[in-house]
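J.: As listed in TrEMBL for this protein:
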| type | residues | note |
| --- | --- | --- |
| DOMAIN | 155-468 | domain 'Na+/H+ antiporter NhaC-like C-terminal' |
| TRANSMEM | 6-25 | transmembrane segment |
| TRANSMEM | 32-52 | transmembrane segment |
| TRANSMEM | 64-81 | transmembrane segment |
| TRANSMEM | 102-121 | transmembrane segment |
| TRANSMEM | 196-217 | transmembrane segment |
| TRANSMEM | 258-279 | transmembrane segment |
| TRANSMEM | 285-302 | transmembrane segment |
| TRANSMEM | 322-339 | transmembrane segment |
| TRANSMEM | 359-381 | transmembrane segment |
| TRANSMEM | 393-414 | transmembrane segment |
| TRANSMEM | 449-469 | transmembrane segment |
Amino acid sequence: MDPATSYGILSLLPPLVAVVLAFITRDAVFSLLIGILVGIGVTGQNILFGFTGLVQDALGNADFIWVVCIEVFVGIMVAYFQKSGAIDAFTKKISKRNINAVGAQVISWLLGIFIFFSDYFSPLYVGTVMKGITDKARVSREKLSYICSSTSAPVCTLIPFSAWGVYEAGLLVGLGAFADKTIATNAVVKMVPYNFYGIISIALVGLIAMGIVPDFGPMRKAEKRARETGKVIADGAKPMLGKELEQIKPNEGVEANLLINFFGPAVIIIGVTLGTYLVTGNAKTLEGFIAAVVFQFVTMLFQKMATVQELMDTAIEGIKGITSAVIILSLAYCLNAISKELGTANYVVSITKTWMTPTLLLVFTFLTCAFVSFFTGTSWGTYAIMTPIAIPLAFELTGGAITNIVYATIAAIMGGGCFGDHCSPISDTNILSSLASGSDHMDHVKTQMPYALTAAVVSCILYLILGFVL
């Protein structure tokens with residue numbers, strides 16, 4: 001039986017409970033767990049056996065293992081950065097230039113845009129590298145997380161040859177006039193000016209970073225706290241980077257070589273990720289992190305910064321430091337799995353599809369994708385569901401021709417799907433942003449939400465206008 005037909009509006013209950021509880025309790029683990037149990041209850045399964053079966057299904061797949069492996073090697077990489085003193089050395093070097101809060105935010109913003117090829121590497125690198133600098137400039141960790149998150153997925157949706165653009169082009173092939181990959185890729189290129197959410201999200205970060213647009217909502221309070229007291233995280237916050245990482249110190253007399261110990265790992269990650277993308281069309285992000293960690297291990301040995309045993313112990317401490325992130329990620333995948341079983345995404349699509357009239361097609365495509373991605377925490381899953389539904393509707397309006405309305409529909413799909421990845425508490429990219437910046441995850445979600453909603457509202461207005469114009 002179709003899950004969407006079987007469970008109807010009840011399919012919204014698990015993610016809704018999880019999100020609402022997360023905002024009320026500020027405890028992501030508890031909220032996700034309750035949402036999962038509610039979902040199991042809705043299916044009518046035994047709570048105990050249903051939970052164990054869900055864990056096996058949700059966490060025993062290649063996607064989850066891949067993301068966990070990335071987090072593990074990120075933890076080790078950060079630990080080695082600490083052990084070599086590389087980040088402290090870089091922070092001291094930059095601090096001599098007396099970079100203020102505006103400068104620190106703008107550098108973070110530009111760095112995030114520069115690393116356009118991977119929505120995973122971008123927040124991880126920017127957060128890790130800039131944390132010490134933004135801390136000294138009294139920029140809240142919530143703000144750094146926001147910058148990391150807003151220059152990852154939104155940027156990727158605007159780059160046609162990123163993994164995101166290539167993926168969407170693949171989904172288009174076979175739909176209407178999209179006879180082959182070349183035609184589909186060309187359409188993804190031409191949709192960029194219509195991707196209002198991606199453009200506005202990135203521009204808003206820059207305007208806020210430069211102080212042109214003042215902070216608002218909970219972020220304003222967080223920035224005031226950091227600026228006036230120097231507390232970059234709130235009292236009672238639970239940073240996703242464990243204390244194990246903060247307590248790692250270089251051995252006595254160790255002095256980092258910035259070229260080798262700081263820039264070296266980054267160059268290797270960028271080289272492997274970008275190189276494999278250019279050669280094979282598939283960016284090998286995990287392999288990039290593994291290569292960087294191996295490079296750190298070998299160079300630190302040759303530099304006599306630590307012994308083999310000390311480096312192994314440091315690696316273990318690094319893995320311990322990302323435990324909370326792995327737990328939240330695991331629960332997010334479980335909630336996503338139970339939502340799929342209940343047909344949450346299909347239900348949202350079914351109740352909004354009837355509203356997709358010619359003038360409202362763009363705005364409702366965007367809104368539907370935004371709702372689906374927010375409640376499921378996945379952009380690509382949203383694209384897979386919505387592309388074969390919205391694109392044929394667009395072709396009906398154009399008589400089968402590829403026109404601006406088709407390009408705008410593709411953009412609405414990509415921008416709407418990005419919304420959930422950008423601000424949902426169960427999004428893996430959001431979790432990685434909190435991890436790398438050392439922010440409390442729910443504080444990050446809560447402070448970023450008003451900015452994401454602002455970009456979404458403006459996008460809706462523009463799509464509504466465009467629906468009447470095109």
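Each residue, glycine too, has its Cβ placed from N, Cα and C.
Looking at the shown structure, what environment does each listed feature sit in?
T.: A Cβ distance under 8 Å defines the sequence-distant neighbours of the transmembrane segment (6-25), meaning residues of its chain 6+ beyond its ends; these are 31-32, 34-36, 38-39, 42-43, 335, 338-339, 342-344, 347-348, 374-376, 424-426, 442, 445-446.
Proximity of distant same-chain residues to the transmembrane segment (102-121), defined by a Cβ-Cβ separation under 8 Å and at least 6 residues beyond the stretch ends, is recorded for 67, 70, 129-130, 133-134, 136-137, 139, 143-144, 147-148, 150-153, 155-156, 159, 162-164, 202, 205-206, 208-211, 269-270, 273-274, 277, 283, 285, 288-289, 421, 429, 432.
Nonlocal intrachain contacts for the transmembrane segment (258-279), taken as residues 6+ away from its ends with a CB within less than 8 angstroms of a stretch CB, comprise 77, 80-81, 84-87, 89-90, 93, 115, 117-118, 121, 125, 129, 163, 285, 287-289, 291-293, 295-296, 299-300, 303.
Beyond its flanks by at least six residues, the transmembrane segment (359-381) meets 12, 15-16, 19, 153, 164, 167, 197, 332, 335-336, 339-340, 344-345, 348-349, 352-353, 390, 393-394, 397, 405, 408-409, 412-413, 415-421, 423-428, 456, 459-460, 463-464, 466-468, 470 of its own chain at Cβ-Cβ distances under 8 Å.
Long-range Cβ contacts of the transmembrane segment (449-469) within its own chain (Cβ-Cβ under 8 Å, at least 6 residues beyond either end) map to 146, 150, 194, 196-197, 200-201, 204-205, 208, 216-219, 358-363, 365-367, 370, 408, 412, 415, 419, 422-423.
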J.: Cβ under 8 Å to the transmembrane segment (32-52), counting only same-chain residues 6 or more beyond its ends: which ones?
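T.: Beyond its ends, the transmembrane segment (32-52) has Cβ neighbours at 7, 10-11, 13-15, 17-19, 21-22, 328, 331-332, 334-335, 338-339, 341-342, 426.
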J.: Which sequence positions outside the transmembrane segment (322-339), separated from its termini by at least 6 residues, show Cβ-Cβ distances below 8 Å to it?
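T.: Sequence-remote neighbours of the transmembrane segment (322-339) are 11, 14-15, 18, 28-29, 32-33, 35-36, 39-40, 43, 54-55, 57-59, 64, 67-68, 71-72, 74-75, 238, 240-242, 345, 375-378, 381, 425-428, 431-432, 434-435, 441.
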J.: So if I exclude everything within five residues of the ends of the transmembrane segment (64-81), which remaining residues of that chain have a CB under 8 angstroms from its CBs? That is, six or more out.
T.: 58, 87, 120, 124, 128, 241, 245, 248, 261-262, 265, 285-286, 289-290, 292-293, 296-297, 300, 311, 314-315, 317-322, 325-326, 329-330, 333, 428, 432, 435-436
